[in-house]
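Peer 1: To start, I am sharing the structure in question, which I have written as structure tokens.
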Amino acid sequence: MKLTIERAALLKSLNHVQSVVERRNTIPILSNVKIEGANGRLSLNATDMDLDIVEAVPAEVAQPGATTAPAHTLYEIIRKLPEGSQVEIEQSGDDSQLVLRSGRSRFTLASLPVTDYPVMSGGELPYSFVLGADDLKGLIDKTRFAISSEETRYYLNGIYLHAASSDGVPVLRAVATDGHRLARVEVPLPEGAPGMPGVIVPRKTVAELRKLLDETSVDVTISLSETKIRFAFDDAVMTSKLIDGTFPDYERVIPADNDKVLEVDCKSLSQAVDRVSAISTEKSRAIKLSVDKGGLTLSASSPENGSAVEELEASYEAGPMEIGFNSRYLMDILAQIEGDAARFAMADAASPTVVREVTDSSAVYVLMPMRV
Amino acid sequence: MPSLCRDCARPAEDDRSVCPHCGSGRMLSHPELFDLSIAHIDCDAFYASVEKRDNPGLRDLPVIVGHPGGRGVVTTACYVARKFGPRSAMPMFKALALCPDAVVIPPDMAKYKKVSAAIRALFAKATPLIEPVSLDEAYLDLSDGVRLIDRTPAVLLVRLARAIERDVGVNVSVGLSYNKSLAKLASDRDKPRGFAVIGRAEARHVLSELPVTAIHGIGKATARRMAEAGITRVEQLQSLPEAALVARFGKFGRALSHLVQGDDPRQIVADRPCKSVSTETTFSRDLSALPPLAKALEVLAFALEKRLKRAGLAGETVVLKLKTADFQSLSRQSRLSYPTQRADVLREHAMHLLEREADGRAFRLIGIGVDHLAPAESADPPDLFGARRFG
């Protein structure tokens, strides 16, 4: 194999694929990226056996062929080459070495036989639909902050993607929760999705997918079965295993009858929470909301730091109440609300509170209160 | 040279071998004797001494405190027994092979705690700055402006040692120096019933003659790495510049460069807040199958919950500790998103860690603990899904 490619193009693709490769691997070849030159394209493939990504970039292929090289080392080298340089990748006769040349630099990298590179079998992916990049971004961005990182609740370590009905309208829903907060977002159900199984897309896949979405605004083709999901872009295809578990019945924890409704300017609230919570301890991050007809008062106190109070204008008609939240969780949710105003529907100081955007009902957030 | 009688606690004019006041031969002389104020006090063979105190018939017999039976280890061997070889942490069967006549007494922790509290009460009369290390040892800061009695620290310590012997009935060894490391080193130099002093002028030289393990922070693993590089004595470390130590031992190299020169910046901290809570058990027979290990873990999780609740604490990191049949210790941890004190949560996280380790290896010990402590009020925030388990 011998090919020449522009550094910038190679760097961009390598950046996508190398982050799939784990830093520590017990299986040596999983530290490598597969490099294949054919038909005027260089294709890069990385996998951790759960997540597989293939990305192709135009290259001048003098001699087709394939090999593997250490992903992180290769990425480091390409990153450090001067801008605008050309990179020549060559593999001669045997499978054990790869030579990389650029300008006056020359690197010899140890490679492992390409025949040993694991292939992630797609299997049959019976459901397939197309989603706009912005819709997919929205589903991810508004839910990923609530993904649980507790390994013991592995079935919460991802975004639950499924078809549902919202007031009779079929929707594609994304839900994530860690037990303390929950985010539920939906878009109209795309053609091809009806009947799809509910799937839990793992956290790492979500993160890598989001990176690819950063650089595109085209449609993404999503294909899935009960065990795998594939995201196809113009030049990249990502295939991932799904979390083998049952997502809990989240509908039952979204209260429908909370009648104490508070409407408040989202940005002012977020900034005030940020200020007041500076006083609460690192461990608890608790903040208290006191509401009555006169408005909203935020307060926090800690034995070490002192106390803080801030008053905000708000619309509220029900009886006065006090409720405590984890300030960071509250700010996470407020950061997702795009409109000007947030609506809090509360029941009491111990029950889940529902937060929505006043003008948009497609996103629902549930927040468990804290003792304050 | 300043001298002091260790029996009547009166200073002597010059360097004498017999006290001019009481005729005792236990004289203490050191050029810096009255200039040093950091002490380490260590009870001699503490548990065994307490047992001998309570049963005078045992006084001249070799006494080993520890669990009898195949799997027990020596907790404390008295000085009579030590002559035959038994040491703390030695498997009981081995200790008994060395000293078959030893009287083995199972430990009575409640009793030792009481004795320890009595000793601490005596310390408290001398200074508020006491840093207990365990039931039987503590650091005392007797500096000017800290100590409560207007006597030189050396005199106070002699009186304290005497009071502990008389009122509590156990012997202690005292180390006096100008920092914690050296005070600790000193208390170990003249055991039992000792009083050793390491002054500023001699510290570097005293250290130079010691094996590297005498330095605080150099454990077995570091010592092994040093030995591989041909370093076994502190002297060799003293000759290396700080940069070389940092290059070789990372961040620790920096602290090391000071410690080997007799420089220890650690302050004595009274009532050091507790950083972790844990509990463990040694099996009567090694275990390798998951179900019995899981069962042991469950019992420990409940014990830990009880401890945490009693202390009003919760932990945000669950730590699983295991010791293999060949005495390899390993610890694995899992960070939660909130502090917990609940047995089911502790068990669930520790189980998750255990499942990865239970690969057929035989284990002799299992333990569970928590780190990153938080007050009980912040523990186990309510969960949207009510019960912790679902799905």
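Even glycines carry a Cβ here, placed using N, Cα and C.
Found this in TrEMBL, in case it helps:
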type	residues	note
DOMAIN	B:38-219	domain 'UmuC'
BINDING	B:D42, B:D136	Mg(2+) binding site
SITE	B:Y47	site 'Substrate discrimination'
ACT_SITE	B:E137	active site
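Burial and contacts for the listed features, if you can.
Peer 2: Note: B:D42 (Mg(2+) binding site) has non-local neighbours B:D136, B:E137, B:V172, B:S173, B:V174, B:G175, B:S187, B:D188, B:K191, i.e. same-chain residues 6+ apart with C-beta under 8 A of its own C-beta.
Look at B:Y47 (site 'Substrate discrimination'): DSSP puts it in a helix. Taking Cβ-Cβ distances under 8 Å and a sequence gap of 6 or more within the same chain, the neighbours of B:Y47 (site 'Substrate discrimination') are B:V65, B:T75, B:T76, B:P107, B:Y112, B:D136.
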Peer 1: Determine the Cβ neighbour count for B:D136 (Mg(2+) binding site): the number of other Cβ atoms within 10 Å of its Cβ.
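Peer 2: Other Cβ atoms found within 10 Å: 22.
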